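First the structure, in the form of structure tokens, and then the observations on it.
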């Protein structure tokens, strides 16, 4: 094959890698009970998709939100998101396992932080207005072991595309949206290259906590130029500047 054709093919493959999507959340598991998420590549095409706990989206391509859309509602719960009809019960202090349909197993294509937020619905989450939700960062993980270049997303893959988040024991009871997100960094070394995959699920939190921390609107969580949004993952980093508001320490 002529060198010009090889170069053209390589360029096309690289471009495909930049736009290809990664995945979505299929379910959460709480105390052994499974609660279904929005199956984006099938429910979207149904006239009457089943009620579920995940917010519906118009994302049929395992797609992402790019940094140039971080100031829009797309970043809140993904593109075209509307509230799920159901809410899963969880006790503050408990762990939630979250399972994705897939995530790229090519080492660099999968790496990035996993960040979790809570936003109080101030009513039933099935009628929540995403523009009024204010998110509190409750868990954020990135590099697990710099010596082996292991990220939390590597562990996600090793654990059958499942990760976990613990609801803080100090959080007051109520109806909440859990915003669970992976930010893929394989193209983040260039402007507008990071890929955000926000997923929202409804919870009813019980317990004896009393904290009602103030949060941040989805459209103000990140900016396109933040450290951690523009980031060279190929430089063998030993640390990662977590984007977004400060972590809740309650």
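Each Cβ is built from the backbone N, Cα and C atoms, and glycine gets one as well.
Database features, via Swiss-Prot:
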- 1-21: signal peptide (SIGNAL)
- 22, 107, 197: Cu(2+) binding site (BINDING)
- 51, 186, 195: O2 binding site (BINDING)
- 77-200: disulfide bond (DISULFID)
- 121-125: disulfide bond (DISULFID)
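Feature annotations (Swiss-Prot) mapped to structure.
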| residue | record | Cβ neighbours (10 Å) |
| --- | --- | --- |
| 22 | Cu(2+) binding site | 21 |
| 51 | O2 binding site | 10 |
| 77 | disulfide bond | 30 |
| 121 | disulfide bond | 21 |
| 125 | disulfide bond | 27 |
| 186 | O2 binding site | 21 |
| 195 | O2 binding site | 23 |
| 197 | Cu(2+) binding site | 24 |
| 200 | disulfide bond | 32 |
Cα separation, residue 22 (Cu(2+) binding site) to residue 186 (O2 binding site) (Å, whole number): 12
Inter-residue Cα distance where the pair is residue 121 (disulfide bond) and residue 195 (O2 binding site), in Å: 26
Residue 125 (disulfide bond) versus binding-site residues 22, 51, 197 - nearest by Cα: 51
Rounded inter-Cα distance in Å - residue 121 (disulfide bond), residue 197 (Cu(2+) binding site): 21
Distance [Cα-Cα, Å, rounded] between residue 51 (O2 binding site) and residue 197 (Cu(2+) binding site): 22
Secondary structure of residue 22 (Cu(2+) binding site) (DSSP, helix/strand/coil): coil
DSSP-derived structure type at residue 121 (disulfide bond), helix or strand or else coil: coil
